[in-house]
Amino acid sequence: MIIILLSATLLATLAAGQSQDSCYADQTDPYILFGTATPYEAVSNTNASYVYIDKCEAKQFWIISRHGTRYADADEVDELKDLYDLQEKIIKNHEKDGSGSLCAKDLENLKLWTLQVVSNVKSDLTPQGYNDLYRLGERFKSRFPALFKQTVTKDSFKVQFTTKQRTAASAIAFVDGLFGTGMGLEFPEALEDDMLIKPYASCKKWEKDVEENKDTTKQMKKFEDGSTVTTLVGSVSKRLGFSKTLDLDDILLMYSACRYDKAWHLDKVSPWCAAFTEDDLKALEYIEDLELYYSTGYGNDLNKKVGCPPVKDFIDRFSDIEKGEQQPAGVLYFTHHEMILLVLTSLGFDKDKEALTSSNYDQMSGREWRSSFISPFTANLAAVFFKCDAGEPYRVQLYFNEHLLDINGCDQGLCDWSYFKQQFGSISSSCNLDFC
């Protein structure tokens, strides 16, 4: 099954990236595909308009979304504080020792850098994150106006989120975008052991066989120890004026600051991004993709099983509507990047012909499993169920990051429900987490 998430034109535009001959600060279209810290705007289809489907009425809108842009967590904040020492050394390298090749503007930006996190908001949703979810809600309302103009009650719209502030705040932001601030929809309490939208956190077998399994990070660590990353570390060290090669941990720390700074403030430049070329950033992106491929993707067969509950949820809900049973007009779930990737794995989406490994980085440049595209901040999968008066009585559309998914056997993204059940119904019927 082939799923088209991004056009070749968009991929080419994103790949244009940073010129290695100029200041990073002067780049009008810098490379910002930063894995799970990629800004939603970089890869989403926010300009998609409503597509009218003749003689069909939307009966249910279902979405599972990652939270919006968040602040760094407590451990990350403590680590990022170490950058002040690196910042001082890099400035000294350039101004006193005459080494390093950062341009004057990038160096000046580095001098002005400070860590933009305070202790009481660690891991919380950022203002940018709220805005991402709010606008997402507004756009889906404009595409399916009839569904979201009805009276809002706890029975007409179901909302669920995890115990983290960032998912609860994301739910509030999305609902604010749908209905307006303060519309009064009742939110349930989050579940400690949520086997629907965060089953991996309560699945002992997954923790043992995946999370704690050394094989999960084996390919990532081999890539980190290989020639591509070794060369990267050496070139970045030289670019920043160090005669002695930095540790990979230092490189990853600067990368974290680069991508967080950009995600938090889309209109600003992170001086830490100036440490890297586009090729450097692509290699760092692949490090995270390798880890996620084995921890949440096709690198472990257990992931497909753990990712099935949300898929079963929307298939079962659509089946209930087909049977004439009452269902909410909207089902809105807010979770984390791990769950989004597990759901995609369960559906068989974004699966490459070859497994991602430490040795095929060059061959996988056009890979489907790319966290920048499939698990940025606010990554979301939406399913819409239609009742039609002509032809097939029920039909389905799937959207990923607001891109209408072109599923083989469907008519430009509009699937007959009978065909959709043939393709994906077994996920619902076989979904069982008793092994957890």
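Even glycines carry a Cβ here, placed using N, Cα and C.
What TrEMBL says about a protein is an automatic prediction, not a curated fact.
Some features that TrEMBL has for this protein:
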- Cys56-Cys388: disulfide bond (DISULFID)
- Cys258-Cys273: disulfide bond (DISULFID)
- Cys410-Cys415: disulfide bond (DISULFID)
- 1-19: signal peptide (SIGNAL)
Note down the number of other Cβ atoms within 10 Å of the Cβ of Cys56 (disulfide bond), including every protein chain shown. 20
May I ask for the distance between Cys273 (disulfide bond) and Cys410 (disulfide bond), taken between their Cα atoms and rounded to an integer number of Å? 42
For Cys56 (disulfide bond), which of the disulfide-bonded residues Cys258, Cys410, Cys415 has the nearest Cα in space? Cys415
Calculate the distance in Å between the alpha carbons (Cα) of Cys410 (disulfide bond) and Cys388 (disulfide bond), and round it to a whole number. 16
Using a 10 Å cut-off on Cβ-Cβ distances across all protein chains shown, tell me which of the disulfide-bonded residues (Cys388, Cys410, Cys415) has the largest neighbour count. Cys415
Which ones in the same chain are close to Cys258 (disulfide bond), with CB under 8 Å and 6+ residues apart in sequence? Phe34, Ser270, Trp272, Cys273, Ala275, Phe276
Note down the number of other Cβ atoms within 10 Å of the Cβ of Cys273 (disulfide bond), including every protein chain shown. 26
